[in-house]
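For reference, the structure is listed below as structure tokens.
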Amino acid sequence: MEVDEEDPPKNLSSSSSQLNLPPSMNRPTVSLETQRINRLIDSNRYHSPSKPIYSDRFIPSRSGSNFALFGLEPSPNKEDGPGSYAGMLRTVMFGPDTPEKRDVVTGFSPSRNIFRYKTETQQPVNSFSPFSGSDEASPGVSRSPVKSARNILKSAYKVLDAPALQDDFYLNLVDWSAQNVLAVGLANCVYLWNACTSKVTKLCDIGIDESVCSVSWALRGTHLAIGTSSGTVEIWDALRCRRIRTMEGHRLRVGALAWSSSVLSSGSRDKSILQRDIRCQEDHVSKLTGHKSEVCGIKWSYDNRELASGGNDNKLLVWNQHSTQPVLRYCEHTAAVKAIAWSPHLHGLLASGGGTADRCIRFWNTTTNTSLSCVDTSSQVCNLAWSKNVNELVSTHGYSQNQIIVWKYPTMTKLATLTGHTFRVLYLAVSPDGQTIVTGAGDETLRFWNVFPSPKSQSRRAKSAHCHLVEQQSGEILR
């Protein structure tokens, strides 16, 4: 240890007198040795004013640290290690305003971790955390997990040939039942395709002088309504392949059908809509008049209280259960309105699409009688259908792109654009589980697409047990 001779201790003389020294040792030497010994003895009290004292190791002390030297803010009594993780875990589970246990007792409000940069960067924290960042919560902490974008296959997983499928915008020739059976009208015949077994059954042949213009399954999926070119409506028992009733009333072809419990609505080229109660002997119980041209689309709301109809007069009309005149009229479309769909998620939300001269999808609130939004699709809108599992919808298109688009509502961002048909995609139906759609076109093909997710409440066992085909098959003839 170095000795500073310019600043000797004040008790040097008294200490030297108490030492027993050999006679041969002179006074300067005695003075130097005495000084060294006293410094060793009184090391706890003596500090050199000009030389620092170094120890063999460094133990940091927060109370004596100069945080300002490193651009840090002091945070006394803040725990590191497990305490920091416990604080983040407590924030995730109980919210950012939940105090620590010791804070409830002492009233101490902890500050942030002292080991942080002056300019915070939250990206590294988020990259390691299973939670997304949030400005309102602590850095790197959020209430919900990060959701990845759903991958929608851009190609059809199954293709069926459908010879003689008509290329007519005003017809509705495809429908999917609750029993997982697809009905397709081909020329003057109706065929049934079982989605579980791939078995094809010819239901009927209505005659060489007739043609099928529309098909629609009853809610239970056991009976099928068929609209014909002569204006009649036939009811068939699909299990027995037997016609049980024929109803008249229209003078021209019936291109649109819709069920509401035991009531069947039929729209015709004669501009009228007939309400038919199959429990009654009469062919129809009421007649709705309001369109000035062919009725090409009709849909009942999910609560069966409102009926929406679209026509070649570019009008969208809304009726209630007992009205014979429309209660709401929407005239914003500039082309025929065939595409109509009620939202299963929000009462009174109605979507409609216009033809080639319009190309728009419009949304309406029938409860408040207001127009909500409009999206230009740049193509003829042929069909619309909502997903019953998520707040999304699908549209099919004709001139000029012949595409299928999956939309996210209400932002109306495109989740996927599907192509494959070479003619207008005039027909659309949704599977009973809400995951698959089938589309038909004038290219005489039916294409199956997986576009919507499964219901959140559906278990894995139910998903695996539910029958839907996933392998790519093409060239199978539906006949």
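Using N, Cα and C of the backbone, Cβ positions are placed for all residues, glycine too.
Residues or ranges marked as compositional bias 'Low complexity' by TrEMBL: 10-26. Annotated domain 'CDC20/Fizzy WD40' per TrEMBL: 160-449, in sequence order. What TrEMBL lists as region 'Disordered' is 1-31. The feature repeat 'WD' is assigned by TrEMBL to 288-329, 418-451.
DSSP states for the repeat 'WD' (288-329), grouped as helix (H, G, I), strand (E, B) and coil, give 0 helix, 21 strand, 21 coil. Per DSSP, the repeat 'WD' (418-451) is made up of 0 helix, 19 strand, 15 coil. Across the repeat 'WD' (418-451), the prediction's mean pLDDT works out to 97.
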